[in-house]
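These features come from Swiss-Prot:
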REGION    10-91  region 'Ubiquitin-like (UBL) domain'
REPEAT    103-141  repeat 'WD 1'
REPEAT    142-184  repeat 'WD 2'
REPEAT    191-230  repeat 'WD 3'
REPEAT    249-287  repeat 'WD 4'
REPEAT    289-328  repeat 'WD 5'
REPEAT    334-374  repeat 'WD 6'
REPEAT    378-416  repeat 'WD 7'
Amino acid sequence: MDVDNGEGQVQVHLKTKQEHYAVPDVPYAIDGTVTTAELNTFVNALLLSKGSSAVDFDFLVFDEYLRGRLCDHLREKAISFEDAIEIEYVERFPAPEPQDCLLHDDWVSAVKASGKWILTGCYDNTLNIWTNKGKHILTIPGHTAPIKAVDWISLDDDTGRFVSSSQDQTAMLWQWNVGANTVECVSVCKGHERGVDSVSVSPDGQRFATGSWDTMLKVWSAELEDAGEGTSKRMKESGVRTPKITLQGHRESISAVQWMDASTLLTGSWDHTLKVWDLSLEGIKAEISTNKSIFDASYSKLNHLILTASADKNLRLYDSRTNQGSVVRNTYLGHNAWVQTVMWSTTEEFLFVSGSYDNQNKLWDCRSPKAPLYDLLGHGEKVLDIDWTNPKYIVSGGSDNTVRVFKSRKALVENMDTK
């Protein structure tokens, strides 16, 4: 076999974790030049003999998606062609479908979906609440500068509570009466000295954290009544809230903050670092140094990996659990301008989404560094924020004054979202 040209045959075992698509566990001799298309034909022919209908598969060879010829993939991994190769096949994740375009009056810099609602924040200083079917419910004034981040605290049929942060140096706590469709600002959270770019609510909904251009990380009570010590009677009466904890360690703006668990926070910064904070000790637990300013970061509770978005068009993957956290596990190539926003799926271990100044969203599998699974098109200008908190919807906001809503697989499979 002339392996230099990828000619001849390779012995492979075809495996799947989806038992209903399993084929006989025997070695198969296939041509070294096969691609995903030919492997699909081969596996479907085997399944057809079992009475199965045609299915689109993707193929993993040594934990990475096959994106070209098998022989080229093996050479790149320095795998001997004489070895029996295990190829795992998985049902291809279906392309998300565009559902809605929600028109705003200014740039949409913050989005967060929960249940049947979508919360947005804009550069005209307003918040907006929409249904996930595209109906506008409420416009909420209050901030005096562009809004940079939003997050839901709690939500049920009667009441919604959420937090917003802004370039006006504040975060604001809100309570929404769903039935009456009225909103009250519960507290104005003051303590930062520059704009507040990021906000994240704790898993139990009792606290939230903010990151700012003043380089500080602050933790606040998210309770309706802030009974903490040190809050003056005058501040309580005026609705002003002060932070419970202030943590210093970054040298430049904190662009991302996320709760990893009830007592651990992740931050990303323009100072090229990720930091993991232990709130019980009120200090830094771990630090990951990168070589680029971090515009956004996302931690997955499913796989414990961290993604970063940066100005060099690339996304990077880090492992927070190792002593070699600063070593890049993978780099994802596909955007043509700086990547502003990234988020892991909350239900699919390997999937994440990103949004970029190239006007595009992309859906990725972390095992496919060379290309995204899909481009999610629709924005006419820069993408500023993306959210996949609700497994049914990928939601993004942009400088084209729109929010784009895409149905994900969960919504497509359940067929619950016809207008």
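The backbone N, Cα and C atoms fix where each Cβ goes, glycine too.
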Tertiary contacts of the repeat 'WD 1' (103-141), as residues 6+ beyond its ends and Cβ separation under 8 Å: 147-152, 155, 160, 162, 164, 166, 168, 174, 176, 181, 183, 384-387, 389-390, 392-393, 395-399, 401-403, 405, 417, 419
The repeat 'WD 4' (249-287) [mean pLDDT, rounded to integer]: 97
Residue counts (helix, strand, coil, in that order) that DSSP gives for the repeat 'WD 7' (378-416): 6 helix, 17 strand, 16 coil
Residue distribution over DSSP helix, strand and coil in the repeat 'WD 3' (191-230): 0 helix, 17 strand, 23 coil
